[in-house]
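Visitor: One structure follows; several queries about it will come next.
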Amino acid sequence: MGSIVEPWAAIAENGNANVTAKGSSRELRHGRTAHNMSSSSLRKKSDLRLVQKVPCKTLKNILSNLQEVILGTKLTLLFLAIPLAILANSYNYGRPLIFGLSLIGLTPLAERVSFLTEQLAFYTGPTVGGLLNATCGNATELIIAILALANNKVAVVKYSLLGSILSNLLLVLGTSLFFGGIANIRREQRFDRKQADVNFFLLLMGLLCHLLPLLLKYAATGEVSTSMINKMSLTLSRTSSIVMLIAYIAYLIFQLWTHRQLFEAQQDDDDAYDDEVSVEETPVIGFWSGFAWLVGMTIVIALLSEYVVDTIEDASDSWGLSVSFISIILLPIVGNAAEHAGAIIFAFKNKLDISLGVALGSATQISLFVVPLSVIVAWILGIKMDLNFNILETSSLALAIIITAFTLQDGTSHYMKGLVLLLCYVIIAACFFVDQIPQPNDLDVGLQPMNNLGEVFSA
C-alpha cells in the first residue's frame, strides 16, 4: 500500500509548501509580473483551521488543496456555472443557455490558471515561471481559437482575437484610467512609459502584418485573378506569422532576461497592500499538486471552450446579435473579467504600472503569439486562414492602437483619458452591433476566394 499512497501524497501535497521551500537548497521566489499582481487582487486567504484537524494526512492535503484552489478566490460562486453547463449540454436544455453558462464558467478558470502558474513559478524560478505565464496567460483565447479552427470557423477565430486586443486596449485600460483618476482625483497619476513603449512598438508591427495582406488585394490590378491574389495574401500571412513569432520570442528574451527590471511589478513600502490583496511570498500548494490542478483546469477550459464554439451561432440567432458582436465584444469581456477586474483594482490603488502591464501585455501577447500561432495551426490543419481581418476590423484595430498610444505618450493619466478610451470602445461596439452583414460560407471568410476585388469591402 505504501507504493500507492506515496505518489498520491506527492500530487496532493498541501499548502504547507513553504516548509519544502525552506528546506531546499534554493530559495523559492520569482519576479512578480503585472499578470501575477492583477490576479492576486481577486484572491482571499483560506482558513485552514478545520482542515488541519483531519487525522488522515493524505485526505488533509487534498482538502487543503481544494480550499486553496477552489475557495481561495472571490469568484468561487462562478464555479457553479461549470457543472450547470455540463448538465445543460448533456440534457440539451438549450444551446444559448449552454453558451451563456460556459462563458460564465470560463471566468474563474482563467483567474485560477493565473494563480496556479504563479504557484509553479515559486519552484521553477522567475525565468521558467515567466515563460509558463506567457504561455498560459491567454490560455482561454488560444484554446477557443484552436477549437474554432478545428471546426472550420475562421471568422470566429479572427473576431475573438481581435476582440481581445480591442478589449485590453480600450475597455480594460480605459476603465482603469477612468476609475483610477476618479479615486486619485486630487493628484496626477504617473506611470513608467518604458514598458508601454515596447508594447506599442510590437503592436504596431502586428498591425503592419494585418494591413499588408489587406492592401495587397487593393494593390493588385485587374489582370491578376482573385485566386492568385488570395494565394499571395495567404503566403504573405504565413510568412508574416513566422516573423511575428520570432518577434515574440525576442520579446520574451527582452522581458525575462535582458530588461527584466522594466516588467517586474514593484511594491511600494509606503503603500503596502491591504488585506483585500493577498500577496504570498511563499507557495501555498506544492509543485506536483499545482501542476495537476493546472492540467485539470486546462482540460475544463477546453471543454467549456468547445461548448462556446459549438453554440455561438445558436446564441446569435436566439439573442438577435451578430456573431461578430458576440465574438468581438461579449467573449473578451466575460472570458477575461477576472484579469480586467484586477487591473481596475490596482488603478484604484494608484498602481498604474500594474494595470498597464496587464492590458498592454495581454494585447501584445495575443497580437504576436496567439494570432500568428492560429495561422500556423490552420496551415497545419490545411485551413486557409490569413491575416486579412477585413477593412472594418483592421481599421478598428489601427485606430485603437493609435488612440491608446497618444493617450499614454506623456506618462501621466487622469480620468478624462480613461473616459475617451471607454467611449471609443462603445463606438466600436455599436458598430459591430449594427453590422448584420452575413459572412460567406458560414462565417469562414478565410476559406472562400472572392469573385472580384469589390467583394473585399463587403466581406
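Cβ coordinates come from backbone N, Cα and C, glycine included.
The region 'Cation selection' annotation in Swiss-Prot covers 137-172, 335-370. Residues annotated as topological domain 'Cytoplasmic' in Swiss-Prot: 1-67, 117-129, 183-195, 260-283, 349-362, 408-417. Taken from Swiss-Prot, the feature topological domain 'Extracellular' covers 89-95, 151-161, 217-238, 305-327, 439-459. As annotated by Swiss-Prot, transmembrane segment applies to 68-88, 96-116, 130-150, 162-182, 196-216, 239-259, 284-304, 328-348, 363-383, 387-407, 418-438, with the evidence given as sequence analysis.
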Visitor: Given the transmembrane segment (239-259), which of the listed stretches 96-116, 284-304, 328-348, 363-383 has the most Cβ pairs that are under 8 Å apart from it?
Guide: 363-383
Visitor: Do at least three CB pairs under 8 A connect the transmembrane segment (418-438) and the transmembrane segment (68-88), leaving out pairs fewer than 6 apart in sequence?
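Guide: No, the transmembrane segment (68-88) and the transmembrane segment (418-438) are not in contact.
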Visitor: Which sequence positions outside the topological domain 'Cytoplasmic' (408-417), separated from its termini by at least 6 residues, show Cβ-Cβ distances below 8 Å to it?
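Guide: Beyond its ends, the topological domain 'Cytoplasmic' (408-417) has Cβ neighbours at 177-182, 185, 188-193, 196, 200, 352, 356.
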Visitor: What average pLDDT does the predicted model assign to the topological domain 'Extracellular' (151-161)?
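Guide: Over the topological domain 'Extracellular' (151-161), the predicted model scores a mean pLDDT of 94.
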Visitor: At a threshold of under 8 Å on Cβ distances, which of 96-116, 196-216, 328-348 pairs most often with the transmembrane segment (387-407)?
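Guide: Going through each listed stretch, the top one turns out to be 196-216.
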